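Asks: Once you've had a glance at the structure underneath, I'll fire off some questions.
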Amino acid sequence: MTNLNYQQTHFVMSAPDIRHLPSDCGIEVAFAGRSNAGKSSALNTLTNQKSLARTSKTPGRTQLINLFEVVDGKRLVDLPGYGYAEVPEEMKRKWQRALGEYLEKRRSLQGLVVLMDIRHPLKDLDQQMIQWAVESNIQVLVLLTKADKLASGARKAQLNMVREAVLAFNGDVQVEAFSSLKKQGVDKLRQKLDSWFSELAPVEEIQDGE
């Protein structure tokens, strides 16, 4: 298994929908979660870059599909956050459409990191996201973010509860506690990404006429 250097990750582009993304080949691992789950912070912590992914105090700022390249053909994708109430309905529909299209049609999507606040895990949309990935044979890593907000005992209890709950999905779903602030769980995230990028088969580019 190759240990990739995530500090070399660089921003490639932002796209409103999959039609504006580059060729659908290689391997992509997407980060998904509710608007305040800490996706951008997790990406910045993983790559040890303070501003690779723009963090915001205002949930719902990630409205585009943001693409980052680790090395050639291996990409991380920051998906639009879901489930934030204070967003105009039309805008919300547009994001959800872009999100759904990416999840359903992007062939190079091979792994999904679902982030959820450890204090409020497994909301309906989180469960739908895991269910969809399992049905699509996509491996899932659940990160319970903001783990530093709970004392050790409560953290362990939440972790065990979620691990127990995801068994019902009957899929390849791993659950870890994560804290961008304390750098907890970053090694587990790196290990999982390394295994996905090393072991999953990259998608070949479709040539015109195929």
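Backbone N, Cα and C atoms are what each Cβ position is placed from, and that goes for glycine too.
Copying in the features that Swiss-Prot gives for the protein in this structure:
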DOMAIN    25-199  domain 'EngB-type G'
BINDING   33-40, 60-64, 78-81, 145-148, 178-180  GTP binding site
BINDING   Ser40, Thr62  Mg(2+) binding site
Asks: May I ask which residues of the same chain, at least 6 positions away in sequence, place their Cβ under 8 angstroms from the Cβ of Phe178 (GTP binding site)?
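Replies: Correct list: Gly38, Ala42, Leu115, Leu143, Leu144, Thr145, Ala147, Gln184, Gly185, Val186, Lys188, Leu189.
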Asks: Between the binding-site residues Asn36, Ser40, where is the Cβ count within 10 Å the lowest?
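Replies: Minimum Cβ neighbour count within 10 Å, taken over the binding-site residues Asn36, Ser40, occurs at Asn36.
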Asks: I'd like the number of other C-beta atoms within 10 A of the C-beta of Leu64 (GTP binding site), please.
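Replies: A 10 Å sphere around the Cβ of Leu64 (GTP binding site) contains 17 other Cβ atoms.
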Asks: Could you say whether, by DSSP, Lys146 (GTP binding site) belongs to a helix, a strand or a coil region?
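Replies: Where Lys146 (GTP binding site) sits, the three-state DSSP reduction gives coil.
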Asks: Given the binding-site residues Lys39, Lys146, which one's Cβ is surrounded by the fewest other Cβ atoms within 10 Å?
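Replies: Lowest Cβ count within 10 Å among the binding-site residues (Lys39, Lys146) is Lys146.
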Asks: Among all the protein chains here, how many other CB atoms are within 10 A of the CB of Gly33 (GTP binding site)?
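Replies: Taking all protein chains shown, Gly33 (GTP binding site) has 27 Cβ neighbours within 10 Å.
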Asks: C-alpha of Gly33 (GTP binding site) to C-alpha of Ser40 (Mg(2+) binding site): distance in Å?
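Replies: Ser40 (Mg(2+) binding site) has its Cα 10 Å from the Cα of Gly33 (GTP binding site).
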